[in-house]
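Have a look at the structure below before the remarks.
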Amino acid sequence: MIRYIAKRTLVMIPVSLAVSMIVFFIIQLPPGDFISGYAAKMSASGEVMDAQALAKLRENYGLDRPWYTQYFSWIWGILTSGDFGYSLSYNRPVSEIIGQYMGITVIISLATMIFTYVVAIPIGILSAVKKYSFFDYFATGVGFLGMATPNFLFAIILMFLSFQWWGDPMLGLFSPEFADAPWTAAKWMDLLKHMIIPVIVIGTSNTCELIRVMRGQMLDEMSKPHIVTARAKGLPEWKILLKYSMRAAVNPVISTIGWSLTTIFTGSTITAIVLNLPTQGPIMHRALLSQDMYLAGSWLLLMAIFTLIGTLLSDILLAWLDPRIRLDRKEA
Amino acid sequence: MVQTEAQQSGSLMRAASPLPGARKALEVRNLRVGFPTEEGMVQAVGGIDLEIERGRTLALVGESGCGKSVTGRALMALQPKHAEVSGEIWLTPGRQEAQLDRRLRASSENGSFNLLQFKPGGKEMRHVRGGLISMIFQEPMTALSPLHTIGDQIMENILLHRTKNRKEARSIALEMMERVGIGNAQRRLDQYPHEFSGGMRQRAMIAMALSCQPALLIADEPTTALDVTIQAQVLELMKQLQHELGMAILFITHDLGVVAETADEVAVMYLGRIVERAPVRELFRNPKHPYTKGLMRSIPRIGGVGGRLASIEGTVPLPLNRPPMCGFYERCSERIEGVCNRQDVPESDAGPGHKVRCFLYSEPEKKGDNPHE
Ligand SMILES: Nc1ncnc2c1ncn2[C@@H]1O[C@H](COP(=O)(O)OP(=O)(O)OP(=O)(O)O)[C@@H](O)[C@H]1O
Ligand code: SF4
Ligand SMILES: [Mg+2]
């Protein structure tokens, strides 16, 4: 198993490099570059820049060189000195921007995931065990509603309600008075309060889907022939549920945690914009629009690495939970 | 392949000390199992009687869908919740009272109890399941949990019924594994089902089922999923263990070749009823019921083993809203119109230990209309 993990980790290196190159290539693909976009913006505000000034700027930022040269010097910087390049639109090193937003993104994503799993797994299991009960119908009904409501609409509704009841739409992640305050207990509480709406909004559709998956899995497991075997041994029903049905039903859900981590990273951009959250989604969105290629490239590269790590994590969990896969791996 | 007598340790021999006099391990009286559906009651088992003596094998044969599995499951109260079950199922474990669970002892009548008095998932029934009656299934591939080791699954049975001590349970499991001919048992206990071949899994199932020395083993087509050589080995193993442990076996099958090899008695089932029962030689020599005769004709003459019940014309009707009449009427070439389709067929004697349910061997009631179904 350890050999397997080591092997997989090694394979991740060339894959991330390849991904980063493709990402970089695609970002510079649209005509124009950051400077031409910048010039257009300047001229819109009445300030005309001559071609020479533009060329000078390009040279300063290395934008006049072919894309692969730019790519190699960028990746070289990352590998040798952890330098992710310079963000043109923020006028700051990319690593600084990453540092600022990544923490918040990770916190929100993790909170959302925990919310999703803690809510969905028990409800899904209970729905299956009490199939066709009032509880089951209720959970299914609410689940469909939750899946059908677009996240941004849901976000606006919750913000409105929050404003109605508490006079605060809970925009952003901090109240103004805490935004630049040091980390005190009160600031943490403020953060937690502001995280409720984003977590519910980002998590709900995943939660509803997971409830359905969980319920289906559980029903499937409960009708397996080996459940009859267990019953024929004289095992009490609750023990059968715990030891066999639930154990097996939770397996695929737990083992895909790694994958869902990455979808939460990527899937919540619009919600984050609506809720004015300082997560990576909106930043990424803006960087792509303005062809701020080092920033966008760095984000995408990190995302790819997260995806790879998530996948590896899932595979490890899968092997850990399922002996059939575990033994396969042993031989590999 | 299997351990010799001298190699067996004493622990297996401990539990079974038969009660003198009690010969029949199982007696079933007028067992009915019905499934309410939207179109009406599907009477999968329509009132059957069965008897199995200790140490003997009764084969229950019949075409697919005739109710064999439903019967077997009903004996362990494993039918779905909505099923309606009635009749009597008398089990005589043939053990000293002291070795029985306290609750079971309280409801025993001369060492026997009617299993239908117990709640299907209740404590008493759970003592019966796995402890007094065990079951092995057709599909050894799916009858074991893929996520738990073989040892864990065998020990679970032992821990429920024989000992609370894990070490002791493991050594009993080990002994059972050796006994069913699984080599390298110590290591094998910690393996998972997918590391076992089909035949080995069925052996492990047998080890599990017999680990608590049940009075009755229900084997629902235990060899159907195995190839022929493995099939013969497993049958041989079951016979040998029956000889050593003395349990009764209800052997469910639709393979008459297997019946000839394993059974002492045979009950032929059709559409939820037992249409004929007799000792095995008697039945093969002297089949009476038109359905049984049809079955016999469908066995390939040369080779003997492997005859499947498929070549009788027509299909089994669904046991749904049937008026009192012979179930085989639609397919019977000897049917008597106005008789066979007018009333329920009673069981009549057709020789020593030989009973048949057919109007060719009994006088129909004069009036034609049978008041009870
Ligand atoms: N849960 C159920 N609900 C309704 N009908 C059922 C149910 N279980 C079984 N039946 C019906 O009962 C009848 C007997 O089924 P059973 O499984 O006992 O057949 P079988 O003799 O074991 O056949 P096979 O040789 O195919 O295993 C069938 O007609 C089947 O459709
Ligand atoms: S009772 Fe009549 S229909 Fe039924 S098997 Fe006998 S002869 Fe045939
Ligand atoms: Mg069956």
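In case you wondered, yes, glycine gets a Cβ from its N, Cα and C as well.
For A:102-314, the entry in TrEMBL reads domain 'ABC transmembrane type-1'.
Panel annotation: around the transmembrane segment (A:9-29), residues 67, 70-71, 74-75, 288, 291, 293, 296-297, 300-301, 304-305, 308-309, 312 of the same chain, lying at least six beyond its termini, place a Cβ under 8 Å from a Cβ of the stretch. Here TrEMBL flags A:9-29 (among others) as transmembrane segment.
Remote same-chain partners of the transmembrane segment (A:71-89), defined as residues 6 or more beyond its termini with a Cβ less than 8 Å from a stretch Cβ, comprise 17, 20-21, 24-25, 34, 38, 61-62, 95, 97-98, 286-287, 290, 292, 294-295, 297-298, 301. What TrEMBL lists as transmembrane segment is A:71-89 (among others).
According to TrEMBL, the feature transmembrane segment maps to A:101-125 (among others). Listed as Cβ neighbours of the transmembrane segment (A:101-125) (distance under 8 Å, sequence separation of 6 or more from its ends, same chain) are residues 139, 173, 195, 198-200, 202-203, 206-208, 210-215, 217-218, 246, 249-250, 253, 257, 260-261, 264-265, 268, 277-281, 283, 302.
Annotation source TrEMBL lists transmembrane segment at A:137-161 (among others).
Under the heading transmembrane segment, TrEMBL lists A:253-277 (among others).
Packing against the transmembrane segment (A:297-321) from elsewhere in the chain are residues 1, 4-5, 8-9, 12, 15-16, 19-20, 23-24, 27, 74, 78, 84-85, 94-95, 98, 102, 251, 254-262, 265-266, 280, 283-284, 287, 329: each is 6 or more residues past its ends and has a CB under 8 Å from a CB in it. Among the features that TrEMBL reports, transmembrane segment is placed at A:297-321 (among others).
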